[in-house]
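Asks: Sending over a structure as structure tokens; questions will come in a sec.
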Amino acid sequence: MSKYITAENLDEVIEENKKIKDEVERYKRDFFLNYNSLDIKGEDRLAFEFLKNKYIFLQIPIPDKHYGGAIIANHDLKIPVINTNRPRVQQYFVAWHEIYHLLYDTNLLDENHVIQSEELELNERKADYFAAKSLIGDVYKYFYKLGNDDFLIKIAKCIDLFKVPYKAILIELYEEAKETYNDKKVMNLVKENFDRDTEYLLGVFEELGLDTELLKPSNILNLGNLEKRINEEKEKNPDLRYHDDNLNMFFELKKKLKEGILKNE
């Protein structure tokens, strides 16, 4: 059963982070050293380019606010899926979350893995911590560089700079405030605002002239040449029956998508 991160269990999250920090930092160094041969600038773009180049990457607008994405596993085929009906900051975060599972999660076997959108789950801590560390720089120093702005205005500016969801920013800020600076004031502010509704953010972004597109869905539909690539593999290895299974899975997926999108137009 999923256990979501709230203000009440935030300290538990930080304790869990301490246990996995060295491992996650090692994975991050490995990725940026070995998987960014094009030297792409911008961690948000890098994640999408990596998934597009290395996998059959599906971008699908699914009208379900709880569905951030998934990794569809079928025999040797691993297909990352991003729900483009969610805000772009969530798409970027989910993309890095998926990279962790695809490259470093030895428990990702022949089964589908669904990723929540709105809420962060405690049992997905390594993947979410990897995503946060890959996207977020020194949020604490940037937060204080913003001077005497209102707390929520500062957080909006942090989201705009680092391109990550609200709670991901708050967790990183809280961790630095607690573990490095013992900053009780910031810790209290984070806890007071952690569970609040974030619908206010769009208005703040508009007021401050920030990038409002980050808070909106892209609604891109891209099936990543899936049918073509499965057929190419089938031609190379015609005796392997699971290519037919993969094709059937694709047609079923396409049918469900078409029905879902039309139903919600």
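Each residue, glycine too, has its Cβ placed from N, Cα and C.
Remember, TrEMBL labels are computer predictions, not curated facts.
Feature list, courtesy of TrEMBL:
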| type | residues | note |
| --- | --- | --- |
| DOMAIN | 80-171 | domain 'IrrE N-terminal-like' |
Asks: Quick check on the domain 'IrrE N-terminal-like' (80-171): DSSP residue counts for helix, strand, coil, in that order please.
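Replies: Its residues divide into 56 helix, 10 strand, 26 coil.
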Asks: For the domain 'IrrE N-terminal-like' (80-171), what's the mean pLDDT in this predicted model?
Replies: 91
